[in-house]
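For Lys114, the entry in TrEMBL reads active site, proton donor. Here TrEMBL flags Lys78, Lys102, Ser357 as substrate binding site. Marked as NAD(+) binding site by TrEMBL: Thr198, Asn229. The site 'Important for catalysis' annotation in TrEMBL covers Asp154.
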Amino acid sequence: MQNNIERIHFDSMNTCNMCMMELENVYETLVLSPEEIDLLDMPKRTFTVHFPVHMDSGETKMFIGHRVQYNDARGPTKGGIRYHPELDLDGLKNLAFLMAIKCALVNIPFGGSKGGIIVDTKKISRGELERITRAYVREVSDIMGPFKDIPAPDAYTDERVMVWILDEFERIRGRHVPAIVTGKPIELGGSQVRRISTALGGVYVLEEALQTIEQEMRSPCVAIQGFGNVGRNAAKILHEKGYRICAISDSSGGIRNVNGIDILKLMEHKEQTGSVLGFPDTTEISNEELLVSDCDILIPAALSKQIGKDNAADIKAKIILELANAPTTLEASRLLAEMGIMVIPDILANAGGVVVSYFEWIQNLNQDYWKEEKVLERLKYTMTTAFANTHNICADEKCSMRKAALQFAVRSILHAERLRGNL
Ligand SMILES: NC(=O)c1ccc[n+]([C@@H]2O[C@H](COP(=O)([O-])OP(=O)(O)OC[C@H]3O[C@@H](n4cnc5c(N)ncnc54)[C@H](O)[C@@H]3O)[C@@H](O)[C@H]2O)c1
């Protein structure tokens with residue numbers, strides 16, 4: 001914490017230390033008053049619920065769920081619901097804070113939240129999953145709503161879980177409320193483009209970044225870690241735009257071909273074999289080798305903490321597009337900035353998902369559904385504007401994109417608090 005920051009109130013139980021570490025990162029360029037720090041250092045509301053569910057075996061088991069609403073100065077809170085056996089409140093606080101930051105950065109009228117249930121989805125049946133989801137909704141329905149808090153899919157939750165949330169919420173309210181949740185199938189009020197929105201939003205900012213760097217890249221070589229929803233779609237979009245995807249990996253390992261990998265054929269191969277390994281005309285590389293391989297653009301799209309102090313110095317890419325959440329440690333971020341590598345931070349790079357969630361919410365509220373072209377046009381405008389806002393701060397302050405993005409978002413949240421008379 002900045003030495004000259006005087007704290008008025010400090011609650012060690014509820015303070016989000018991880019959020020404070022994120023803020024520490026911007027102190028050099030953004031001086032915050034003690035009142036502003038106090039306002040940002042813990043969530044506005046935190047809920048923990050404990051509820052029984054009848055299991056297939058006939059026994060009744062108790063489950064624990066959480067919901068954290070970090071800041072709602074800019075609008076109703078928005079954030080995913082994840083199911084995980086090691087879900088913890090501190091981690092959720094940080095993720096809710098980052099949702100508030102992300103929404104402010106791309107200038108959509110939402111605050112930030114996150115929640116979930118402590119459960120291992122691999123160890124329960126489909127029926128148990130549905131009953132657990134519906135029981136959680138009954139416990140939190142009072143704090144949810146299209147103008148209060150709007151959930152979305154996250155780790156180990158999907159469209160099907162969102163439909164159960166929608167259905168249970170509508171049963172409780174006794175009317176249709178499609179804007180209560182996003183990430184729905186198109187038939188129940190979902191939006192065009194949503195399934196590829198995170199990857200596409202990332203590609204839009206990457207193309208803006210390529211225009212700003214001095215060195216022109218002809219046929220840039222791209223290495224992508226991860227071949228799931230985000231990595232696969234990013235690879236497909238870039239391949240169709242004519243980029244050379246030189247290396248790609250999944251949890252089983254990676255493959256490389258400097259002349260480019262045919263992503264459409266690789267998708268078929270993965271469908272048939274369950275892995276990217278063994279794809280014709282490629283050599284096998286490890287995930288560690290992929291990160292430091294010769295490439296112009298590196299896209300981590302799998303796990304957090306992949307680039308740390310041990311491998312950052314060996315990175316060859318000129319641009320890193322963080323599609324995964326927190327793939328780079330704070331230490332590595334500093335090192336990469338010193339090396340002159342442009343890191344497009346996760347809060348900007350992967351914000352396309354929440355932007356299209358916002359479009360879904362607008363369409364639901366207006367009962368007016370947009371064509372694909374309109375979603376694409378508005379997503380591109382929103383992402384490229386956020387990139388320009390961030391890049392302008394970088395140029396003025398000579399700081400990294402991460403610091404610039406955080407600074408823009410924190411200022412925007414505090415401005416909203418000031419307008420409301422809360423500061
Ligand atoms: N899905 C979204 O809309 C979205 C939005 C924002 C951020 N993210 C972030 O993007 C990342 C990926 O999300 P996703 O939805 O694609 O997940 P996913 O589960 O669909 O895919 C994850 C991929 O990572 C691969 N993987 C796992 N361990 C690996 C390892 N050690 N090395 C290389 N690859 C490995 C898996 O094989 C899989 O291909 C996560 O960090 C997620 O938080 C996703």
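We count from 1, first residue shown onward.
The backbone N, Cα and C atoms fix where each Cβ goes, and this holds for glycine too.
All TrEMBL annotations are machine predictions without curation.
A map of TrEMBL features onto the structure.
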residue	record	contacts (Cβ under 8 Å, 6+ apart)
Lys78	substrate binding site	Met99, Cys103, Phe110, Gly111, Gly112, Ser113, Asp149, Ile150, Ala152, Thr182, Val354, Ser357, Tyr358
Lys102	substrate binding site	Gly112, Ile347, Ala351, Val354, Ala409
Lys114	active site, proton donor	Arg67, Val68, Tyr70, Gly79, Gly80, Ile81, Arg82, Leu92, Lys93, Leu95, Ala96, Met99, Asp154
Thr198	NAD(+) binding site	Asn229, Val230, Asn233, Leu323, Asn350, Gly352, Gly353
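Surrounding the centroid of the Cβ atoms of Lys78, Lys102, Ser357, where the record places substrate, the chain contributes additional residues within 8 Å, namely Gly79, Met99, Cys103, Ile108, Phe110, Gly112, Ala152, Ala351, Gly353, Val354, Val355, Tyr358.
With the fewest other Cβ atoms inside 10 Å of its Cβ, the least crowded of the binding-site residues Asn229, Ser357 in this structure is Asn229. Residue environment of Asp154 (site 'Important for catalysis') contains 19 other Cβ atoms, counted within 10 Å of its Cβ in all protein chains. Screening the recorded positions Lys78, Lys114, Asp154 for a C-beta under 6 A from any atom of ligand 1 leaves none.
For the recorded site, the residue listed as 'active site, proton donor', the DSSP three-state label reads strand. Spanning the residues Lys78, Lys102, Ser357 that the record associates with binding substrate, the maximal Cα-Cα distance equals 13 Å. Under the three-state DSSP scheme, Asp154 (site 'Important for catalysis') falls in the coil class.
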